Ligand SMILES: NC(=O)C1=CN([C@@H]2O[C@H](COP(=O)(O)OP(=O)(O)OC[C@H]3O[C@@H](n4cnc5c(N)ncnc54)[C@H](OP(=O)(O)O)[C@@H]3O)[C@@H](O)[C@H]2O)C=CC1
Ligand SMILES: CCCCCCCCCCCCCCCC(=O)[C@@H](N)CO
């Protein structure tokens, strides 16, 4: 009886693997492709642009500061593999005016052809306790991190659907998979991206357009250095659970997953666990991925409970620590 059940299971898994080409997208060819990277003048975005350029793509960088854009262009051009490759720079705020974003995307398409891959990497972070963050910070993060991903995507999607070709990448964060101390404004803007990506993927899959959401851990970039200046102690201690990644490594993984059309892109063992644990109703892009999620869910939740316990401990210890000087004051 047991043998029969085991044989049945094996047959079922084999069957799944036979139909797997039906759910695995055809990889995108980067040589000659037009890749637009928002936030491409710094950090992870710049490394993504370099990675695509190294594989023969034509690049459009989108960011606000023109000097940083030109410097990034120079850095990227060092990696050219043929003399036809172009790096185009566009200075625009992706979060302000949809029409403006649509116009610059049009200009880029006129120069370098239709966009094959859009990477939404422009973003920023602000941390602090809920009551200490300015209300305007919630608006700002939502408009840069969320609307700043909606506008460029909205500007490229029609052509992608018509051509039956395309990749849209969203850069969320591990803080877009779990909410943690200090990130009430940031986490919510990064969670929003996940909802957008899931809904969009369901719409565009029949048109051979694939969506990728990346969830990087802390990554060594100018953005992180800026964030660290005002990060609460609790946030820092909790974030230290995961090691700081190199932007080149994060970029390589994101580009690889985007080419393959994987919905999820994560890095490291905790990235892998977090993505399995929070897969929810996310689309699945390979049988192996689906099976791994089914098999590991209970184990990873168990591990997560220990992490949550340790995070609560950090928060409590910091609270007690901060209360101490006051006690001393009162007795003095
Ligand atoms: N570094 C980290 O630890 C992690 C980062 N992330 C996410 O990855 C992304 C990149 O982060 P990172 O490389 O650290 O960031 P950086 O601060 O190093 O770079 C941010 C880039 O985005 C551009 N940008 C910011 N705001 C706008 C805007 N309104 N319009 C157009 N461009 C804009 C910046 O150029 P300019 O200012 O000139 O416009 C710059 O090119 C962000 O979305 C971030 O949330 C996720 C997880 C971890
Ligand atoms: C099985 C469960 C495993 C659980 C592992 C949990 C690890 C939590 C660490 C969260 C770190 C958050 C990094 C945010 C980075 C970021 O987005 C900012 N630096 C942006 O600037």
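Placed from the backbone N, Cα and C atoms, the Cβ positions cover glycine too.
Record note: Swiss-Prot gives 39, 41, 42, 43, 64, 68 as NADPH-binding, and the candidate from 93, 97, 116 in that site is 93.
Range annotated as transmembrane segment by Swiss-Prot, chosen from 231-251, 294-314: 294-314. If you take the Cα of residue 43 (NADPH binding site) and the Cα of residue 186 (active site, proton acceptor), they are about 18 angstrom apart, rounded to a whole number. Here the signal peptide (1-25) has long-range neighbours at 208, 210, 260-261, 284-287, 290-291, meaning same-chain residues at least 6 beyond its ends whose C-beta is under 8 angstroms from one of its own. Proximity of the recorded positions 64, 68, 186, 190 to ligand 1, judged by a Cβ distance under 6 angstroms to any of its atoms, singles out 64, 68 in sequence order.
For residue 172 (active site, proton donor), the nearest neighbour among the listed recorded positions (39, 41, 42, 64, 190), judged by C-alpha distance, is 190.
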